[in-house]
């Protein structure tokens with residue numbers, strides 16, 4: 001009973017575990033780190049593979065070229081090597097004397113300025129064949145994370161129903177930490193691919209458990225919408241910081257540096273989870289959740305999942321293809337490849353926080369409909385850019401619009417389960433995450449192939465038109481009907497929304513509190 005007892009660490013931790021705000025903080029940080037790792041590789045991988053594989057392969061034929069460079073008399077043996085490489089980016093030191101012997105003049109030096117920028121992918125890189133191939137390979141590497149997440153998500157949804165959200169959340173942190181360290185020290189495509197796939201497993205645990213935990217802690221629909229908006233702000237902040245942070249650190253410090261910083265931050269997140277979440281505690285849901293197959297047959301959940309999938313597919317297609325397109329058409333230096341995503345990330349951060357609150361007022365269905373239309377228009381404008389400044393408008397619009405869709409659809413998923421099924425959220429957020437991952441799996445893997453077949457501008461046209469065409473389907477979420485048996489339960493006692501429901505209007509009208517709230521509730 002001592003007042004000092006309340007200030008003791010145990011008392012603080014006990015209060016913290018009961019606080020929805022601290023739970024929200026933990027989920028925010030987990031999503032932040034996951035998405036920093038998701039996007040930090042975007043500017044690094046294309047240039048890293050270009051330098052290690054393309055330039056490495058070309059320079060390996062004459063590894064001793066820097067040593068014999070001063071000896072001009074040894075030029076003839078290298079003349080054939082130079083003619084073989086005269087189209088490539090690696091024409092330094094050694095071959096210059098060969099060029100001199102061929103031309104009988106000092107013209108060996110003029111070719112060097114254009115090529116000196118190429119080996120650093122700071123200028124327009126040559127080797128178009130390699131870059132065309134790299135579009136596909138980088139796309140597959142980026143997609144591997146989402147493909148693995150796609151497979152693991154349903155299992156995580158079932159696991160959270162059985163043992164609660166705390167242990168899966170901590171498992172997610174552990175796998176994420178291992179993946180981050182592996183990225184830091186991987187030097188080949190295969191190891192990078194494995195690290196990216198491993199990240200997918202960790203991300204699946206973190207995102208499904210995190211969003212499900214939020215939905216169970218915030219039971220009021222309005223508060224849940226705001227909490228989801230803040231949590232998605234963590235996701236946005238991760239995307240915001242990731243690409244620019246990765247490109248700047250890679251350019252000025254080295255490849256491993258951004259990953260080691262993230263690994264350290266992940267350790268801090270793990271310590272926070274140990275304090276707040278008690279990951280050793282098994283706390284299964286008190287009621288049995290709706291089976292995944294039943295939720296997948298619900299047309300309203302499918303429409304919401306489709307909106308999440310196609311809106312995010314646009315930016316997912318940009319991630320592997322935009323840096324390579326910029327290298328080819330804008331001769332962009334490495335730091336610009338990540339900075340190009342900065343407008344999208346900033347506007348996504350603004351969009352999720354703004355519409356977490358506003359979507360509830362204007363109607364989440366309308367917010368997502370407008371968002372998808374703007375996503376499509378923004379994507380159509382991306383190929384019109386002639387330099388990095390031309391990308392500010394389209395990428396900014398894209399990020400803002402995806403923020404509108406995400407901050408509307410995440411609460412709708414939880415709301416549809418409350419309205420039409422059992423209020424257990426593991427499975428429905430597994431579906432939401434699967435939809436998100438479908439976009440990030442199909443997007444990069446097909447995007448690279450489409451670019452190779454018809455070019456980057458047509459890729460943007462295809463995905464832009466798909467988003468505009470899908471947008472009207474969001475209208476069906478305007479007034480989703482409740483199940484009859486659900487209305488009977490809700491009419492007795494509903495901790496979610498203490499409102500009265502009438503069975504006669506079960507299949508026609510959205511459950512309403514009173515006449516004055518008709519428009520606001522219908523909008524949801």
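Placed from the backbone N, Cα and C atoms, the Cβ positions cover glycine too.
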Which range of 147-164, 201-218, 489-506 is transmembrane segment, per TrEMBL: 201-218
95-126, 223-254, 255-286 - the range that TrEMBL marks as region 'Disordered': 95-126
Maximum Cβ pairs under 8 Å to the transmembrane segment (424-443) - stretch from the list 171-195, 259-279, 338-358, 365-385, 397-417: 397-417
Beyond the flanks of the transmembrane segment (21-45) by 6 or more, those residues with Cβ under 8 Å of it: 138, 141-142, 145, 169, 172-173, 176, 179-180, 183, 192, 196, 199, 202-203, 206-207, 210-211, 213-214, 217-218, 227, 230-239, 241-243, 245-247, 250, 255, 258-259, 262, 265-266, 269, 272-273, 276-277, 319-320, 323, 334-335, 337-338, 341, 345
